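Enquirer: Quick one: the structure is below, and I'll ask about it shortly.
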Amino acid sequence: MARAACSSVVTALTLLPSKSHHLFRNHSSLFSPKSTKFVGVLTLEKRCYSSKVSMSLKAGIVGLPNVGKSTLFNAVVENGKAQAANFPFCTIEPNVGIVAVPDSRLQVLSKLTNSQKVVPASIEFVDIAGLVKGASQGEGLGNKFLSHIREVDSILQVVRCFEDNDIIHVNGKVDPTSDIDVINLELIFCDLDQIGKRIDRLNKGKAKDSQSKVKEEAEKAALQRIQEALLDGKPARSVALNDLEKDAVKHLCLLTMKPMIYVANVAETDLAEPHKNPYVEQVKGLSSDLQSGHVVVSAQVESELTELPLEERTEYLNSLGVSESGLGNLIRATFGLLGLQTYFTSGEKETRAWTIHAGMTAPQAAGVIHSDFEKGFIRAETVAYEDFVSAGSLAAARDKGLLRSEGKEYIVKEGDVMLFRFNV
């Protein structure tokens, strides 16, 4: 039956019994790490990245009905809007919102350099509707969710970890393991369907030149290995690919290639001590098995925060035994899983945070600002954030020998304050 799924996913899905995981040869290893060397962020850090990193990361929020997905999205976006103050903020569509990444270092640098404005990094949250059991075969909104989810950098899967008789669970009971399986299986089915169609096209087509032929052969080889992994219940990201293969399959935007963060949504009474919630422990264990990240939030608390003045929010959170809202937790988890870090530029005009992949060189980091910076890179005057603050200014840092002149091989570190010299 697994082989049938490879060639005709829709037909196979139609015949699936209620326990849909029987489709796979080994359901116990669904997204299991046992036969793969994939290790979360480590794999991400080894991948080849372009120096072009968007200032606005995009995270898609998914989840079954009544798990708190939309409540969390609305609250996080509103909280982000309020916390951003004068920072750029916009709601592109009803289900898309861009919020500033909270970073206290920006204000410190701004004061030291008397900046006219502060520009933080940002993250775009997308509330993705329609990803329910059977979505890959037309249930709910069907495949309409695909156009949104394929564009995101990471997926935040909201999992219900609270009991509430007034909010009926779509499957009749709270069961994080079952909920996670439903979502993951739908993502697998979508990838299997897409890969099957793509392999058919590759088999029928003929490359126009030798270079195209090499790329098509690399793509086909990669897709066949990914297909095998999916049929074993493992995500596409668990398959080791060389640089050519990665580039060849990149255009497909496979869903199980995207990093996943499981968001355990708890009641406000469990927020301070989530380890006492058995559902949270389930999610924690599964996220480890599935090579993914996890974070605990309370959509209920996030929603209540939007109704309070800014000055009362900290007091309210402290009364619950926590120090910050879920927004910071979600962003940190996303940055960590994607292997991202921040560097700064700061002067009289503006202080700005730039998002880059860990391991980027100084020229690549400069290219995030503008391609000319990378092409004509000469050197980067660099000082660590802590050293900049202790010195009090760039001139003082230079006098104390804390300001370094770094060349093309320098690997940018978290929190570096940089001034690029270039010539085009």
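Just so it is clear, glycine is given a Cβ too, placed from its N, Cα and C backbone atoms.
All TrEMBL annotations are machine predictions without curation.
Residues or ranges marked as ATP binding site by TrEMBL: N66, V67, G68, K69, S70, T71, V266. The annotation domain 'OBG-type G' is assigned in TrEMBL to 57-317. Annotation comment: TrEMBL describes 339-422 as domain 'TGS'.
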Enquirer: Between 0 and 100, where does the mean pLDDT of the domain 'TGS' (339-422) sit?
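Expert: Summarising the domain 'TGS' (339-422) by its mean pLDDT gives 96.
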Enquirer: Could you give me three numbers for the domain 'TGS' (339-422), the DSSP helix, strand and coil residue counts?
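Expert: Once the DSSP states are binned, the domain 'TGS' (339-422) shows 26 helix, 33 strand, 25 coil.
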Enquirer: Let me check the 10 A CB neighbour count of T71 (ATP binding site). How many other CB atoms are there?
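Expert: Neighbour count, Cβ to Cβ under the 10 Å cut-off: 17.
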Enquirer: Does anything in the same chain, at least 6 positions from K69 (ATP binding site), have a Cβ under 8 Å from its Cβ, and if so what?
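Expert: When sequence neighbours closer than 6 are ignored, K69 (ATP binding site) has I61, V62, G63, D127, V158 within Cβ distance under 8 Å.
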Enquirer: Counting only residues 6+ away in sequence within the same chain, which have a CB under 8 Å from the CB of S70 (ATP binding site)?
Expert: D127, A129
Enquirer: Tell me, how many other CB atoms lie within 10 A of the CB of G68 (ATP binding site), whichever protein chain they belong to?
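Expert: There are 25 such Cβ atoms around G68 (ATP binding site).
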Enquirer: Applying a 10 Å Cβ distance cut-off over all chains shown, what neighbour count does N66 (ATP binding site) have?
Expert: 15
